[in-house]
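According to TrEMBL, the protein has these features:
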TRANSMEM  20-38  transmembrane segment
TRANSMEM  50-69  transmembrane segment
TRANSMEM  76-94  transmembrane segment
TRANSMEM  100-119  transmembrane segment
TRANSMEM  126-146  transmembrane segment
TRANSMEM  173-193  transmembrane segment
TRANSMEM  223-242  transmembrane segment
TRANSMEM  262-287  transmembrane segment
TRANSMEM  294-313  transmembrane segment
REGION    340-367  region 'Disordered'
COMPBIAS  340-350  compositional bias 'Pro residues'
COMPBIAS  358-367  compositional bias 'Basic and acidic residues'
Amino acid sequence: MSAAPAAPAQVSHGTRASRIGLPLFLLLLVALAAAPWWTDRQGMRLLGEVYAYAALASLWNLLAGYSGLVTVGQQAFVGLGAYVLFSAALLFGVNPLWGIPAAGLLGALAAVPVAALTFRLRGAYFAIGTWVVAEVFRLLAAQFTALGGGSGTSLPASVVASIASGRAAREQLLYWLALGLAVLILAAILLLLRSRHGLALAAIRDNEVAARSCGIEVDRTRLAVFVVASGGAAMVGALIFLQKLRISPDAAFSVNDWTALVIFIAVIGGIGRVEGPLIGTALFFLLRETLSQLGSLYLMVLGAVAIAVMLLAPRGLWGVLADRLGWQVFPLARRLEPRAPPLGTAPPPTTRHALAGADHENRGDTR
């Protein structure tokens with residue numbers, strides 16, 4: 001009697017840790033969604049800033065940690081999105097809320113010619129090239145006299161009033177938009193990484209030459225990710241300056257605010273892991289709120305923390321926890337597991353038992 005054929009294996013994403021971590025993360029989101037009822041306006045503004053940095057760090061991590069595109073020009077699309085929103089509101093009379101998706105669309109479109117220029121460069125030259133593009137954007141914005149030129153401009157009271165009726169309602173609406181946009185960006189990244197394109201990104205990051213030899217379209221895949229990340233950064237930038245109600249070229253295209261700090265967050269949290277930027281954002285704001293009154297010493301502490309993490313934990317704080325304790329929040333791991341056999345059939349022997357049986361037969365063991 002021949003043995004039943006082994007059932008084909010299936011790919012499993014979840015682990016025991018993710019089955020615990022994901023529900024806890026969803027409970028945290030529910031608590032954050034209810035923040036307008038348990039915190040004040042200042043707390044909502046701080047949380048809105050946290051969401052913005054978490055989204056930007058996640059997008060930068062998608063580029064650098066998964067696509068191998070280490071950019072220092074993310075501020076180009078943050079500022080572009082902000083100027084698109086202000087232009088739509090002040091020059092065309094569009095409700096500022098509609099300026100957010102418009103910023104994402106134009107940011108994604110602008111990423112195509114930027115990629116055509118910068119993708120010709122590699123390594124440090126690519127990073128410098130993206131920074132140069134961002135500086136060009138800043139200089140062009142400074143010449144845009146319709147929005148105040150180099151000094152910038154503010155949204156008038158009539159435009160601000162069109163967002164929502166009353167200051168409290170506006171604060172709540174902008175808070176929920178910030179949380180929703182951060183969750184949307186995180187969900188899009190998770191869906192991308194769980195798809196076959198996520199496997200392609202991992203192959204490109206690990207060895208570009210080997211990925212090409214396997215038939216992966218490296219340039220097209222990187223372009224798609226760059227366009228998506230740029231559109232997301234533009235939407236975040238539009239929302240950031242909608243909360244500030246004022247814009248200027250130096251603030252919108254600040255390399256310190258929208259790239260240097262974002263890289264710091266991703267590095268200390270863990271590059272190449274979705275949870276890394278979230279942990280890094282929490283730690284950064286904890287340090288900032290605790291040490292910001294120390295003046296220049298605060299920046300020295302941030303630098304010392306970054307150096308210590310890079311030397312002692314190159315994979316970031318979350319990388320250390322994941323490697324040593326097996327922690328995982330999002331089900332992104334891929335492992336093969338045998339499918340359940342059909343009803344009425346005996347399950348196939350495991351590999352270990354099959355090898356043990358073969359070994360006993362070879363020895364002549366009769367036990």
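Residue numbering: from 1, along the chain as shown.
Any Cβ shown, glycine's included, is placed from N, Cα and C.
Automatic, uncurated: that is what TrEMBL annotation is.
In this chain, the transmembrane segment (223-242) touches the transmembrane segment (100-119); three or more CB pairs sit within less than 8 A of each other, excluding pairs fewer than 6 residues apart. Segment contact is absent for the transmembrane segment (76-94) and the transmembrane segment (262-287), given fewer than three CB pairs below 8 angstroms at sequence separation of 6 or more. Beyond the transmembrane segment (262-287), the same-chain residues lying 6 or more positions past its ends with a Cβ under 8 Å from any Cβ of the stretch are 46, 49-50, 53-54, 56-58, 60-61, 64-66, 72, 74, 186, 189-190, 193, 205, 298, 301-302, 305-306, 309-310, 315-319, 322, 328-330, 332. In summary, the transmembrane segment (223-242) does not lie against the transmembrane segment (126-146): fewer than three C-beta pairs, each 6 or more positions apart in sequence, are under 8 Å. Against the transmembrane segment (50-69), stretch 173-193 has more CB pairs under 8 A than any other of 126-146, 173-193, 294-313. Here the transmembrane segment (294-313) has long-range neighbours at 264, 267-268, 284, 287-288, 319-320, meaning same-chain residues at least 6 beyond its ends whose C-beta is under 8 angstroms from one of its own.
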